[in-house]
Amino acid sequence: MTNKSASIWLVVVMFIFSIYFLLPFYWILVSVTKDNGQLNTTFGLWFAYPWHLLDNFHEVFTRNGGIFWRWLGNSFLYSTTAATLATLFAAMAGFAFSKYTFFGRSFLFTLILGTIMIPATALAFPIFLLIQNVGLANTIWAVILPQTVSPFGLYLMRMFWDQSFPNELMEAAKLDGANDATVFWRLGVPLIQGGLVTVFLFTFVAVWNNFFLPLIVLGNNNLFPLPLGLAGWAATQTGSTPPYSAIILGALIGILPLVLSLLFLGRYWQAGLTVGATKG
């Protein structure tokens, strides 16, 4: 096969995969213009008339006293707080594993990475019992605290510390009288900004999309994040039809912060993956 033929086949394959990944988003864009009846009676991949987009916006923003805004705010609160703390903890732990030698360092690091292999469902019941026993059930901290520890974030930050912050620079700073806090904040952090943004972005997306943890630790409707709240709208209601068009529009609005985050921070995310991949 010539290089030209290979390039053509590569373009064809990439085009097919692009259609495969973009088709659900196109379906969402079409569906938010329909009402419940049109969703069930018209072709799913094309628009129907009349449009009901404004009606769907009104339904989303006013249903249940406008609780959608509270759910959206909860998602921002949980995601930004958990991502910030997870990034801070991962940076500090990565600094320790990268720059200090202590007994059991390799074993402990391997053990922490091994927790990535444990399914989230296997940890759900122990986490629920722990949260309940410390009195945090049905509070915002029940969602935030379990997601402030990121084994993958620790791994990535250690790679950044290894490659972006030479040991010689740390030794020179120590000779000049700098303490550990000064070395970390004044010298190290500016050099690993790409890693910090990458860990923050990964954690933000993971917390935003997390459905199972809030489901088991929250019972107050006012504390629900957006995915859990929309799922409540979709639940079967006696004597009424769930507002599927409004739910789809709410899901689209919930996707936008993630898309914008990836667009603005994508270059740091790619740099972070490169560091992890090139570590030898």
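The backbone N, Cα and C atoms fix where each Cβ goes, glycine too.
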- Feature transmembrane segment in TrEMBL, mapped to one of the ranges 76-95, 216-235: 76-95
- Task: Counting only CB pairs under 8 A, let me know which of 7-29, 107-131, 137-157, 244-265 has the most with the transmembrane segment (76-95).
- Result: 137-157
- Same-chain residues near the transmembrane segment (7-29), Cβ under 8 Å, at least 6 residues beyond its ends: 1, 44-45, 248, 251-252, 255
